[in-house]
């Protein structure tokens, strides 16, 4: 797992990466969940809509310090992530999960030692059709994100970098 890196300091120290687009900040639309407020790691991308089957499949794999970034179409009609998969992600070594959509089981998620960001919470569960796209470029919070890039999150926000930043 990468060492903690303050997002504000990373921005201040890397103006050249910001100007050439190698370092981007997500728009501040995400709520902070989970016990790990600071997390980072290589990104795995997933695109789904109101369906959580592929999310669960990913989180059943070994995380190896990676961050799952899910474009859920910004749907506010149901939750695509709940407490059980987050518990599994924690146990499987995922550093964090960013959901462009909703979660549920907030109290359970807040008890897990993992970083979670989502737009909001919602009590209704998602469909289970298994439809979506893995490892594809996604666009969330004003930023294009590609599989294999790096994510850095703390209480100031979320940064996306084309490569791992040095501390």
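From the backbone N, Cα and C atoms, a Cβ is placed for every residue, glycine too.
According to TrEMBL:
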BINDING   82, 83, 84, 85, 104  substrate binding site
BINDING   105  Mg(2+) binding site
Intrachain C-beta neighbours of residue 105 (Mg(2+) binding site), sequence separation six or more, cut-off 8 angstroms: 79, 82, 83, 84, 86
Nonlocal neighbours by CB distance (under 8 Å) for residue 104 (substrate binding site), same chain, sequence gap 6 or more: 79, 81, 82, 83, 121, 122, 123, 124, 125
Residues within 8 Å of the 82, 83, 84, 85, 104 Cβ centre (excluding the substrate site residues themselves): 79, 81, 86, 87, 103, 105, 108, 109
Proximal but sequence-remote residues of the same chain as residue 85 (substrate binding site) (Cβ under 8 Å, at least 6 apart): 52, 55, 56, 59
